[in-house]
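As written in Swiss-Prot, here are the features:
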- D29: active site (ACT_SITE)
- N77: active site, proton acceptor (ACT_SITE)
- D29: Mg(2+) binding site (BINDING)
- 30-34, H46, 74-76, F78, R80, R200, 206-208: substrate binding site (BINDING)
Amino acid sequence: MIFHKIYENKLLRSVRKGAIPHHIAIIMDGNRRFARKKGLEPHEGHFFGSKKAEEVLEWCWDLGVKMLTLYAFSTENFRRSEKEKKNIFQLLESELRRLLKDRRTYERELRVKVVGKRELLPENLRETIKEVEERTKKHRRHYLNVAVAYGGRQEIIDAVRAILRKVRKGEVRPEEIDEKMLEEHLYGEGRYSKVDLIIRTGGEQRLSNFLPWQAANSVAYFCDVYWPEFRKIDLLRAIRAWQYRKSHEVV
């Protein structure tokens with residue numbers, strides 16, 4: 001344990017000497033496999049995953065990361081059992097309410113945005129989302145985006161449809177359509193920037209339709225640990241890999 005801490009501190013000092021990514025996105029994979037490994041129920045795996053998200057938030061803000069996007073629930077996840085979906089939505093609501101009560105949300109000026117097709121979510125969760133977004137909308141120092149009922153291809157399709165509606169109404173001319181306009185019609189409404197580093201836990205090496213527009217030129221980092229077992233060392237290694245890639249880019 002002591003050698004682990006020594007290595008972590010050495011790695012932290014090394015990472016702090018370099019640039020820190022502005023926007024990190026994380027695919028939090030492995031909650032259910034973690035639960036199976038530990039002989040737990042799936043909802044217990046999701047609970048431990050939510051506690052890990054709290055921890056990682058603090059690590060990121062302390063390192064100087066300004067924006068964090070967490071993939072909490074995809075549109076494909078609606079295929080899961082009603083019991084598991086209910087547990088996940090209850091956990092999401094609980095975590096959002098915790099953020100509302102947490103003094104660090106206000107000390108750090110954390111703005112919270114939920115991105116995805118929220119009309120697919122339970123009404124009580126939608127109301128909580130609305131409340132946390134309203135209460136934090138003036139915060140500008142740190143940004144947390146939570147992707148819920150999210151699909152990357154659908155996000156782009158919805159943005160295109162929204163622009164086409166404006167074209168039909170005469171509000172936009174076709175020749176005015178550009179990348180900036182499309183970004184302004186994505187779920188984040190232009191408020192979340194391009195992703196610098198995307199991390200996936202759980203051993204899978206794919207991005208699963210997560211932020212295809214925003215992460216087009218990002219560095220992807222895959223690690224084998226299940227999300228509830230993700231360590232600060234793993235985060236620091238991911239940032240170090242990003243720093244290495246950035247320093248070796250061909251201009």
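First residue shown is number 1, and so on along the chain.
Quick reminder: no glycine exception, Cβ is built from N, Cα and C everywhere.
Predicted, not measured: the structure shown is a model, and the values here were computed from it.
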Output the one of R32, R80, R206 that, of all these binding-site residues, has the highest number of other Cβ atoms within 10 Å of its Cβ.
R32
Between G30 (substrate binding site) and N77 (active site, proton acceptor), how far is it from one CA atom to the other, in Å?
13
How big is the Cα-to-Cα gap, in Å, between S74 (substrate binding site) and D29 (active site)?
11
My understanding is the cutoff is Cβ-Cβ under 8 Å with a sequence separation of 6 or more in the same chain; which residues meet that for D29 (active site)?
R200, T201, G202, G203, E204, Y226, W227
Far apart in sequence but close in space: which same-chain residues, 6 or more away, have a Cβ under 8 Å from the residue listed as 'active site, proton acceptor'?
K85, I88
R32 (substrate binding site) in three-state DSSP notation:
helix
Restricting to the same chain and to sequence separations of six or more, state which residues have a Cβ under 8 Å from that of S208 (substrate binding site).
I27, Y71, S74, R200
Return the residues near E76 (substrate binding site) by Cβ distance under 8 Å, restricted to its own chain and a separation of at least 6 in sequence.
G151, N209
